[in-house]
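Database features, via Swiss-Prot:
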type     : residues : note
ACT_SITE : C88      : active site, acyl-thioester intermediate
ACT_SITE : H349     : active site, proton acceptor
ACT_SITE : C378     : active site, proton acceptor
Amino acid sequence: MTRVVLAAAYRTPIGVFGGAFKDVPAYDLGATLIEHIIKETGLNPSEINEVIIGNVLQAGQGQNPARIAAMKGGLPETVPAFTVNKVCGSGLKSIQLAYQSIVTGENDIVLAGGMENMSQSPMLVNNSRFGFKMGHQSMVDSMVYDGLTDVFNQYHMGITAENLVEQYGISREEQDTFAVNSQQKAVRAQQNGEFDSEIVPVSIPQRKGEPIVVTKDEGVRENVSVEKLSRLRPAFKKDGTVTAGNASGINDGAAMMLVMSEDKAKELNIEPLAVLDGFGSHGVDPAIMGIAPVDAVEKALKRSKKELSDIDVFELNEAFAAQSLAVDRELKLPPEKVNVKGGAIALGHPIGASGARVLVTLLHQLNDEVETGLTSLCIGGGQAIAAVVSKYK
C-alpha cells in the first residue's frame with residue numbers, strides 16, 4: 001500500500017474570543033498558512049492536487065470557505081478545494097480524507113487542515129425569510145447552536161461533560177487540578193519557545209500605523225491556581241462542577257499541513273515529518289459524547305498494528321477536564337506522555353481547526369526518542385476520531 005507522509009505542518013497562534021483575530025476571517029487565517037507552506041517548501045502551487053479544510057461555523061463567510069482560503073493563499077484556480085464539517089473532528093477528518101485520496105491513487109499532494117473564527121460567527125434570525133406578522137422575535141447564536149449544542153438533547157456540550165462527571169464520579173477538585181496542570185504545561189512550553197517551530201505569526205493590518213503581528217497563543221495564563229478556579233461558578237448546571245476554568249475556551253485559529261505520497265515527497269525533495277499509520281472513528285450516545293475517543297483510539301491502534309504501550313506521546317483534545325479525565329481512566333494513559341505542552345484548556349479550542357492543531361503539535365514533538373504519537377478528539381453529537389503517526393525514517 002502507498003505510504004502516506006506528512007510534511008510542512010504549521011498552525012497560527014490561537015486567539016481568544018473577541019481577541020486579536022476578531023476581525024480576521026477564518027479563511028484568511030487558513031490562507032496565511034497555505035502561503036507560508038508554499039513559500040517554505042518551494043512547491044509549485046499547481047502541483048497540489050486538492051485542498052481539504054475543516055470549518056464548522058461557515059454561515060456568512062461565503063461559498064466553500066476552503067476554496068476562498070486556497071485562492072487567497074496563492075493557489076491557482078485549477079486546484080480544487082472543499083470544506084469539511086465534522087464538528088470538533090473536522091480538521092483531523094480533512095487529513096484522513098486527504099490520506100484516503102492518496103492511498104486510492106486519486107491524489108499525490110493534498111493541503112489539508114482546519115480553520116475557525118468563533119468570534120465572527122453570526123447571530124441568526126430563524127424563520128424570518130418571509131417576514132413576521134406580529135410579535136417579538138429572537139436571535140439564535142450560530143456559534144452556540146451550530147458549534148456547541150447537542151441537537152439530540154438540546155443542551156450545551158457542557159452538560160455532556162456533567163453527565164460524565166456523574167458516571168465516573170469525577171470531583172470538582174480533580175477537574176480544576178487537571179486544568180491548572182494544562183495551563184502550567186502550556187506556560188512552560190511557551191516560555192521555553194517550544195511552540196515556536198509550529199506557529200506561523202499572523203500580521204493584522206491596522207487603519208493607522210504598522211500591522212499588529214500575533215506570535216503567541218492568547219489563552220495561556222500564568223497565574224492560575226486550584227484555589228482561584230474553585231471560586232468560579234458552574235457554567236452549565238446549578239449544582240454542577242464544570243466551569244469556564246476547567247473547560248476549553250472559545251477561540252480562533254487555523255492549522256494546516258501537506259499530506260503526500262512518500263514517492264512524491266522523494267521526487268520533490270520534501271522532507272516528511274511523519275508517516276500516517278492509521279485512523280479510527282467511533283460513535284456513542286450523544287449525551288456522553290466525551291467518552292467516544294476510547295473506542296476511536298482502540299480502532300486507530302488496531303488499524304496501525306500497534307499497542308497503546310507503543311505510543312510515546314499523546315495529543316488528546318481537552319474539550320473539558322471531566323471528559324479528558326474520563327478518557328484517561330478508561331485507557332489508563334501514562335500522564336507524563338499526555339499533552340506534555342498543555343492542551344485545549346490552556347491553548348484554546350477553535351473547533352474546526354483543533355483536529356489539525358493537535359496533530360501539528362504532535363508532529364513537532366517527534367524525534368529519535370519520541371517516535372510514535374497518537375491524537376484524538378471527541379466530537380459533538382456523540383463521535384470521536386483518532387490517528388496514529390510515526391516519525392519518518
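Glycine is no exception: its Cβ is also placed from the backbone N, Cα and C atoms.
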Taking only the CA atoms, the spacing between H349 (active site, proton acceptor) and C378 (active site, proton acceptor), expressed in whole angstrom, is 12
Taking only the CA atoms, the spacing between C88 (active site, acyl-thioester intermediate) and C378 (active site, proton acceptor), expressed in whole angstrom, is 7
Cβ atoms other than its own within 10 Å of the Cβ of H349 (active site, proton acceptor), all chains, total 27
Row C88 (active site, acyl-thioester intermediate), column other C-beta within 10 angstroms, all chains, value 34
Close in space but at least six residues away in sequence, with Cβ under 8 Å from that of C378 (active site, proton acceptor), the same-chain residues are C88, M289, G290, I291, A292, P293, N317, A319, Q323, V327, A384
